[in-house]
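Asker: Taken from TrEMBL, the feature region 'Disordered' applies to 1-23. If you look up TrEMBL, you'll see 33-52, 57-76, 88-109, 116-138, 158-180, 192-210 marked as transmembrane segment. Taken from TrEMBL, the feature domain 'Prepilin type IV endopeptidase peptidase' covers 67-174.
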Amino acid sequence: MATVSPDLHDTSLAATDPAPAPYTVPPRTVRTLIGPGGALAALLGIAGAAVAGLPVLMVHAALALIALACLGIYMARVDRAHRLIPNWAVAALGAINLGAAVGLLVTGYGAWALQGLVVTVIAAVVLMVMHLIGGTGMGDVKLVTVAALATGVHGPGAWVLAILASYVLAALFGAVPALLRGQRKTRVPMAPYLVAGHVLALLAVLGYLAS
């Protein structure tokens, strides 16, 4: 394992804020391979589901949920402690979701893959506007964009649900407690809530598809 300084990653910390301590990251080989390896696994998993006659969209949602949970826990912990989201983890999640989208494309679910791409573009535009207005870090923009490639496959409603759930959770467990403590200028780390919101949305998708 290695330690890196936060300045190697995206951060919304102001220049006047004290620099947080270095944090532990996986070895370079793991960081390099997890994205392509996960993308290939997602593609083959969806292709295998189609060949086996399994519900492809349910398999897609399940794979997206697993990827988000695994990488999301790491991103949430780092963001909570250091107010930044590691670029390598965001890129890995994006690669896995892209591999899953390609799997949909080659198994006859191209319309769903295209829908996911459209929602991803919308998510990127919306979050970039929020970033320019202020209050949303670039790490949050990237995380929401790559996560939208998974939730968007199941319709814009799934992505909207993920965003609403994320900000409701952030308000209830982040902003409101900070205000009650008199910490009005406290910056709420959004990755834990963005991950939780998208996990809830994917669970809702799985529940809907199973019904």
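Heads up, the Cβ atoms here are built off N, Cα and C, so glycines get one too.
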Asker: Between 33-52, 57-76, 88-109, 116-138, who has the most Cβ pairs under 8 Å to the transmembrane segment (192-210)?
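Answerer: The stretch with the most close Cβ contacts to the transmembrane segment (192-210) is 57-76.
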Asker: Counting Cβ pairs closer than 8 Å, which of 33-52, 57-76, 116-138 has the most of them with the transmembrane segment (88-109)?
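Answerer: Between the stretches 33-52, 57-76, 116-138, 33-52 has the largest tally.
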Asker: Which sequence-distant residues neighbour the transmembrane segment (33-52)? Criterion: at least 6 residues beyond either end, Cβ under 8 Å.
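Answerer: Sequence-distant neighbours of the transmembrane segment (33-52): 26, 59-60, 63, 67, 91-100, 102-104, 106-108.
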Asker: For the domain 'Prepilin type IV endopeptidase peptidase' (67-174), report the average pLDDT of the model, please.
Answerer: 95
Asker: Give the residue counts of the domain 'Prepilin type IV endopeptidase peptidase' (67-174) per reduced DSSP state, in the order helix, strand, coil.
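Answerer: DSSP classes over the domain 'Prepilin type IV endopeptidase peptidase' (67-174) add up to 96 helix, 2 strand, 10 coil.
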